[in-house]
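Listed in Swiss-Prot:
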REPEAT    B:477-517  repeat 'WD 1'
REPEAT    B:526-573  repeat 'WD 2'
REPEAT    B:586-629  repeat 'WD 3'
REPEAT    B:633-673  repeat 'WD 4'
REPEAT    B:676-715  repeat 'WD 5'
REPEAT    B:721-760  repeat 'WD 6'
Amino acid sequence: MAEVEDTLKRIQAQHGVIGTIVVNGEGIPIRTTLDNSTSVQYAGLLHQLTMKARSAVRDIDPQNELTFLRIRSKKHEIMVAPDKEYLLIAIQNPSE
Amino acid sequence: MSNTTVTQKRRTLKVAKSSKTLNVSSGVFRPNQSTTKSINPLFSGKSFGSTGDSKVVDKISAQTPKHTAMVVDENGQDVTPHPLYNPDPGVLQSKQGKVFTALDTSLTTMTEFPSIAFQTTNASLTGPFTRSFFGSASASRISQTAESVTDETKDLLVKQDLSNSISDIQSHREEPKEQLRENILDSTANCYLSETETIWLLDIPAVSVSVESEDAEAVKERNNAYTELCKNRQGNDKYVERSMQTFSDASKTKEVQCDSITMVDKAVMCTVWDMYDSFNNISDVSANTVVSSERHEATIPESSSEGHLVHPKRSNQSLSVVSTVSTVSGSSTHIEKMACVLPLDEEPDLQLILQSDKLKQDLALMERVVLANVFQPKLAAYRQLPIIEDPDCVQMVMEEESWTEQSKNSHCPFLERLWDFSCELTMGRNVSCMVWNKKNPDLLAVGYGQVEFKNPNSGLVCCWSLKNPTWPDRVFHCESGVTALDFSASNANQLAVGMYDGTIAIYNVQTSEQTPITDSSDCANLHTSPVWQLTWIDHEDGLAADKGEILVSVSSDGRISKWIHYKSMECVDLMKLKIHDLQWKRHISSLTPGMCFDFHPNDSKIYLVGTEEGHIHKCSSSYNEQYLESYKAHKRPVYKVTWSPFCSDVFLSCSSDWTIQLWRQDLQIPVMGFTSGQRVVFDIMWSPHCATVFGAVSEGKVEIWDLRVSSLDPTLVNWTSPGVNPTALLFSPETDCVLVGDSEGQVTVYKLKNITAGGGSQGETLEDVIQSTLSSQH
């Protein structure tokens, strides 16, 4: 448990990281460094996208599984580590 | 066909057309004069002239007269033929001759008639056709017989007779049955097979008439009359147009009310993985109930991330979760669905998630990903990949320009600082040793511990990964300072740690467990002084029990020991370092402390030992009494001795007497000596890429020497920040990078720029240098 908190803190402290969110299976953020409305927005949108991405991966090969999703945009990069029970989201601006 | 008798007794019938066949056929209708019946009123007045065609065939006559109308005779009996007699026409056909003869003779034969008909069966399918046809056929015959018709009634009589005969047949059906049966049983039956007549299913007479036919004139006249009529029609008073009006009723609206039809939208999306999951879940649902009682489910594939939620205390809850997930996966996943089925207490759920192993792994992965973004150009430079500039950020470009500018402008070799491994754990500690993992070239083990006799604090071993320079992947706390490290080559996860108090421990880096696999603290022969160097050696030629890798250590207590660890560590002394130099004999023990050693890269039995006296001895592991050779040149303790990876004869040694010496193993005096300033040289290492390049670490600076360029001055000097001493040096085996560990706990990664390996064989280059040096000396 402490290890998890430590790692989360370290990730947050990295260069350029804007926020980290851990979302449970219902879409409710359980650990977040951003404000609530932003967290909920990210959680909802990324959940849908992750579902779609997972569906795409598994449609091609049902034995495959989505392990990581990265969305690189102009301003920042959103990284999602999906799982059946949770979503781990980190938003980073690598150019800072 | 024996119809001759038939033809003689021909009845008089109406004639429309003549045909010979008809004559024959008409014999059928020969009346049986013995029976006279009244005229069937039904038949009077019927004209069958329309069917006057030569369609009638002989066989038709043999049929029983069937008529579609009800037939009632004078007595009021219904003589309508029954369906039972369907076979009769066929029968009659076959028994044509006999029938006729029967008809000829007497009533009795008539009575025989049905029985015969009864016995000889034919396709009853012809029955209905013939029956209905008979009506027309008989009529046609009636109309067609060539005889002059005298008696219409006779026709009818014929019909009547036949009908009567049928009735007779009906009534007498039962009686002659038995008689005839007996008779026929004895007699031979002759079967006459004959064709049925043509069955006409549709007969539309032609509308057009041939010009040459007899009716042509009449038809033409009629046609002409019609056309004239049509012409005359207009304006003719005879023809008046008349129209009719139909009344349209008034319309009335009628309303009906019904319940509203509720529409429900239902949609299912079927995907490939959906089907796959359903298939697997059928078998897995039963398995999951067993799973939930265990804790470790890492081995179950894919559809069991449910396993992470399992907690032995909450087996019920987890079961429900398990079943939920398995059903949810069968449909397009809706968060709402999961929400309503999951239990209401969310706190444990949160805790479970945060404690799950998967989250830890994902966090580690996320950390690496984030760091990869941060360190991407540095890592790319490390791996000798081209550095990609980010098109989206302008600031980066400027930084990179300044960064790469320096490298592009200068052609002289320099060290480009990439990054450093450091974290708060390691701050303030002294890096004593560094070693790469033999199997995974990205894994670096760094030992932290004091070198000199300072306050002994606990040591630390950190396993760093290149992918995460900010936090070590593994941290092992040791009781005393770490002075030596080595990764095993055969078991790449085993790390041997030598400590300041003489303990040797072997850790398994796969897990984060703090306790080592084995520890030498129980061994009777353990080192009493700091272990300065450790090496795993592949002992091929050892005893049978020694095959495989062996750990060899050198320590300040003057012993070089070989360690075998099966259950606990045991050591066997390979060599005791006896004092040669009288100057040192004043020490208590008779052994001189060993500081370093190095096994020959080609021959694993020969090794060099550097001692505190400054002597270097070449020893053999199979001979532990005497040194093979001694090299004396250093005045002070030899800190490092290392064979050249390219030339098997050449080795390098460094000492605290400010010098580095290059030796050839057959020469007692060093070939070359290098010194640059009055600083203690802590560590040296040959470059794995270039035979003439080696690196040296001394107080306050890092030097890279290139013997092709100069043997007097280092080719490259990199000063460290004041107060910080670099204490360890490591070349990266795959890339051209150098790692320098310093006394502040930082391990800095530098990239060697503009030092090229050069062409030609490496070993030859070095030998040439040595040769030239030797020749110049003499």
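Here the Cβ of each residue, glycine as well, is placed from N, Cα and C on the backbone.
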For the repeat 'WD 3' (B:586-629), the number of residues DSSP places in helix, strand and coil | 1 helix, 21 strand, 22 coil
So which residues does the repeat 'WD 3' (B:586-629) touch in its own chain, when a touch means Cβ under 8 Å and the partner is 6 or more beyond its ends?
-> 529, 532-533, 535, 537-541, 552, 554-560, 562, 573-580, 635-643, 645, 648, 651, 653, 655, 657, 663, 665
What is the three-state DSSP composition of the repeat 'WD 4' (B:633-673), stated as helix, strand and coil residue counts?
-> 0 helix, 20 strand, 21 coil
Under an 8 Å Cβ to Cβ limit, what residues of the same chain, 6 or more beyond the ends of the repeat 'WD 1' (B:477-517), are close to it?
-> 432-440, 443, 445-451, 456-461, 463, 526-536, 538, 548-549, 551, 553, 555, 557, 563, 565, 569
Distant-in-sequence neighbours of the repeat 'WD 5' (B:676-715), which means Cβ under 8 A and at least six residues beyond its ends | 413, 415, 451, 639-640, 642-647, 652-656, 658-660, 722, 724-731, 733, 736, 738, 740, 750, 752, 755-758, 762-763, 765-766, 769, 773
What is the three-state DSSP composition of the repeat 'WD 6' (B:721-760), stated as helix, strand and coil residue counts?
-> 0 helix, 19 strand, 21 coil
Give, as a single whole number between 0 and 100, the mean pLDDT over the repeat 'WD 4' (B:633-673).
-> 86
For the repeat 'WD 1' (B:477-517), the DSSP residue counts stand at 0 helix, 19 strand, 22 coil
What counts of helix, strand and coil residues does DSSP assign across the repeat 'WD 5' (B:676-715)?
-> 0 helix, 18 strand, 22 coil
